[in-house]
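Below: one structure in structure tokens.
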Amino acid sequence: MYNLSCYNPTSFILVGIPGLEKFHIWIGIPFCIIYVVAIVGNCILLYLIAVEQSLHEPMFMFLSMLASTDLILSTATVPKLLSNLWFGSQEITFSGCLTQMFFLHFSFVVDSAILLAMAFDRYVAICLPLRYNTILTPQVMVKIMVSIIVRSFSVILPDVFLLKRLPFCKTRVIPHTYCEHIGVARLSSADISVNIWYGFSVPLMTVISDVILIAVSYIFILRAVFLLSSQGARQKALSTCGSHVCVILMFYTPAFFSILAHRFGHSVPRNVLILFANFYVAIPPALNPVVYGVKTKQIQDKFLLLFSLRKTQ
């Protein structure tokens, strides 16, 4: 029998980056810069989409949802990381740990679903251009966005209850900079086979199904593009997908690399894995608005117009 306090621990200790304690202050500087870039970039992107009527299109609605999710992902992890690295604030309450874990995994699944929705948007725009406005109506857009939130919430919420049922009597020291489901579950002295099964298989299968559907969408897109007779039309069609493909690669490549490194990279030092995991949750939210700002002409034009108006005032 476990003590009742084991089921209601007051707090956990986030170690930070083991072995690099004397470099914590310096490590925090690039993360702070990346976080500021993520906040400023995504807020500007959301502002432009909100105020510019010409950007009230399905693709930019999905982009605004991606920017909002990136803000949640960054804010759920980086501020606590910086307080740990700079001020030695290693303690996190049990409820705070569960909240951080939920929003971390929730943001990941939402981002994956948004990238799938954006792939569908590009498929309709290129393969069915004449039916674009009749397929992606405002009502359909609302349904897609609500379904993304509901699916992600339904997939990740059980993680919270799977952790709340566990006793934590052995140790409450987490050898990481943030709380994630399996990492916290491994601190328990009870059987965590259900946590491992659900924590790996269900979210992973959800994301893998998104990847497969995105790949199928782009097979149809490429097929339609290469059937176009004009070289200029082919280039224009492919350019509209450029920013989306960049974001897909930035999101999925490090995610799967991180999963494989944790599963098979037993020779990789733990501090390297933790650093990589932190860069993964910090860098994509900062780069996404930059990529769309550089690759998408409508956003680039509105951004330049916004700052030229500021200078003339």
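Yeah, the Cβs are placed from backbone N, Cα and C, and that goes for glycine too.
Residues or ranges marked as transmembrane segment by TrEMBL: 23-48, 60-82, 102-120, 140-157, 196-225, 237-260, 272-294. What TrEMBL lists as domain 'G-protein coupled receptors family 1 profile' is 41-292.
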Out of 23-48, 140-157, 196-225, 237-260, 272-294, which stretch has the largest tally of CB pairs under 8 angstroms to the transmembrane segment (60-82)?
23-48
If we call contact 3 or more Cβ pairs under 8 Å (sequence gap 6 or more), are the transmembrane segment (237-260) and the transmembrane segment (102-120) touching?
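Checked: the transmembrane segment (237-260) vs the transmembrane segment (102-120), in contact.
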So what pLDDT does the domain 'G-protein coupled receptors family 1 profile' (41-292) average out to?
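For the domain 'G-protein coupled receptors family 1 profile' (41-292), the model's average pLDDT rounds to 87.
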What parts of the chain pack near the transmembrane segment (102-120), using Cβ distances under 8 Å and only residues at least 6 beyond its ends?
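Same-chain residues near the transmembrane segment (102-120) but 6 or more away: 59, 62-63, 65-66, 69-70, 72-73, 76-77, 144, 148-149, 151-153, 155-157, 159-160, 178-181, 203, 206-207, 210-211, 213-214, 217-218, 244, 247-248, 251-252, 255, 281.
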Take the C-beta pairs under 8 A between the transmembrane segment (23-48) and each of 140-157, 196-225, 272-294. Which stretch has the highest count?
272-294
